[in-house]
Amino acid sequence: MKKNESLTHSTFKGLFWMFCGTGSQAILQFLVMILLARLLSPSDFGIVNAAMVVISFTTVFSMIGVGPALIQRPKLTDSHIRSGFTLTILLSIFFTTLLYFSSSSIAVFFRMNDLKIILQTMSLVFLLKGFSVVAESLIQRKMKFKLFTSIEVISYIAYGSIGSLCAMVGLGYWALVYAVLGQNITKTILLFTFERHNMKPQIHWDSVKELLFFGGGFTIARLSNQFALQADNLVVGRWLGSYSLGLYGRAYQLMIMPANLFGQVMDKVLFPAMARIQKEQNQLSLAYRIGITAVSFVTIPVGIFICLLSRDIVIILFGKDWLSLVPALQVLAVGLVFRTSYKISDSLVRATGAVYRRAWRQIIYALAVFSGAWIGQHWGIIGVSYGVLFAIIINYCLMTHLSMQFINLSVKDILQSHVPGLLLGMLAVISVWLIDWISIEVSILRIFLSGILFITIVSILIRINTGRILGKEMIWIMDQVVDMIKSRRLKK
């Protein structure tokens, strides 16, 4: 019992620090995105997005699932760490060289001449990730989330500072390139500084096989997932051009920010926590249900607000020159809850080691994204958005179905976990509708008043009937947060 209580405390402490860090990073992203969108053109963003499609996809090959394998292994030895580090270094050197010399062909495929020199410069990212992946994984394994979030925030400050300064002096898309390199250099230095490990080269074949058994299945799934994440960008960049990719990329980024804030935080904390209790089905069921309840509670109303207030959001953040991305943003916002919730299922499946069963589902997801985006591109970026939304829903259903095979939850239980979020979603619709009814046209005022009205209505209803509005899972979460805050005050 004490073990589970300790794990619960560690998990919520991790969630607290991850939300603080990711929340800080989200605020920074908003500020940087606003500034860069007013200094750079959609085409500048588009050509760098095309480069990131290639970088993101190739990174999965170069890391070959070593990081997650180090986190997931019940017993980790020095041989695993040294072999994993050596393997990632060798692969990162290989893929840096490969990308450098294949950049010309990739530029021809995308029909973007400037992409060649960008890819050659950004190939250095592989070397940086190769040196840092083991340190990053060990930090997550040890659940040192305060340190991890601090590193993430500082490295993003480097991104924002470098990108903004370079954009201000008129470097165009190079501002984004230098920002990415600066971010990765900063992160690598910090990881090495605060998480030292044995870096003496070694290839111990038994350790490599153990890492690759999990890592291989993870890599197959990760490749499929990465292809799913980038296939829409690939289609837009190849068939619609850098300008359309710049617009679509900003729409997707606005949608992905809330998903990253809640989904990735839950994933980075729940994965190591679930890995520790992978044999305890009841504890896994509780963790999973709490996770999907919390995610839907937040993302359903947020998604609705983004959808209904998308025009106002775009005007405030980017200006009227970017209004063409509004229809795409509205469609993508509908999928926010599905895009975020499947990360909880993903954490559970990886924690139980079922990486190969996860892998084929990710292949289906990747094919669905590519097919949906390719068919949708005939109607522009809004058509691509509908295709991607359809694929996200398919992946959510597939991963939820797989998760239910490891835990004692029925379809009814899953649906009940979403009830509090759906109720808040209805209140969000009512709040925006009331603001529309009184005909307020100033964008920032519409968003502010809609939010205030929503919070007021929810607060009143919670006071009237807490259980019906929040549900038992959210009440439990709030109790845990209160207990954690009290314990921190007592320590002081």
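Every residue gets a Cβ built from N, Cα and C, even glycine.
All annotation found in TrEMBL is predicted automatically rather than curated by experts.
Taken from TrEMBL, the feature transmembrane segment covers 12-40 (among others).
With a cut-off of 8 Å between Cβ atoms, the residues of this chain six or more beyond the transmembrane segment (46-71) that come close are 80-81, 84, 87-88, 91-92, 94-95, 98-99, 106, 110, 112, 114-115, 118-119, 122, 125-126, 129-130, 133-134, 136-138, 140-141, 173, 176-177, 180, 210-212, 214-219, 222-223, 226-227, 229-230, 233-234, 237, 241-247, 249, 271-272, 275, 350. Here TrEMBL flags 46-71 (among others) as transmembrane segment.
What TrEMBL lists as transmembrane segment is 83-111 (among others). Same-chain residues lying 6+ beyond the ends of the transmembrane segment (83-111) with a Cβ under 8 Å from its Cβ atoms: 50, 54-55, 58-59, 61-64, 66, 69-70, 117, 119-120, 123-124, 126-127, 129-131, 133-134, 197-199, 201-204, 207-208, 211, 237-238, 241.
Under the heading transmembrane segment, TrEMBL lists 117-135 (among others).
The feature transmembrane segment is assigned by TrEMBL to 156-181 (among others). For the transmembrane segment (156-181), same-chain residues at least 6 beyond its ends with a Cβ under 8 Å from one of its own Cβ atoms are 25, 28-29, 31-32, 35-36, 39-40, 43-45, 47-48, 51-52, 114, 118, 121-122, 124-125.
For 286-310 (among others), the entry in TrEMBL reads transmembrane segment.
When Cβ-Cβ distances below 8 Å are used as the criterion, the transmembrane segment (322-342) is approached by residues 37, 42, 247-248, 250-252, 254-256, 258-259, 262-263, 292, 295-296, 299-300, 302-304, 306-307, 310-311, 313-315, 381-382, 384-386, 388-389, 392-393, 395-396, 399-400, 418, 421 of the same chain, each at least six residues removed from its ends. According to TrEMBL, the transmembrane segment annotation covers 322-342 (among others).
Remote same-chain partners of the transmembrane segment (363-382), defined as residues 6 or more beyond its termini with a Cβ less than 8 Å from a stretch Cβ, comprise 220, 224-225, 227-229, 231-232, 234-236, 239-240, 244, 247-248, 251, 325, 327-328, 331, 388-391, 394-395, 398. Under the heading transmembrane segment, TrEMBL lists 363-382 (among others).
For 388-407 (among others), the entry in TrEMBL reads transmembrane segment.
As annotated by TrEMBL, transmembrane segment applies to 419-438 (among others). Only residues 6 or more beyond the boundaries of the transmembrane segment (419-438), in the same chain, are considered here, and those with a CB under 8 A from a CB of the stretch are 293, 295-301, 303-305, 308-309, 337, 446, 449-451, 453-454, 457-458, 461, 469-471, 473-474.
Residues annotated as transmembrane segment in TrEMBL: 444-464 (among others).
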Response to the item:
Top stretch by Cβ pairs under 8 Å to the transmembrane segment (444-464) (candidates 117-135, 286-310, 388-407) is 286-310
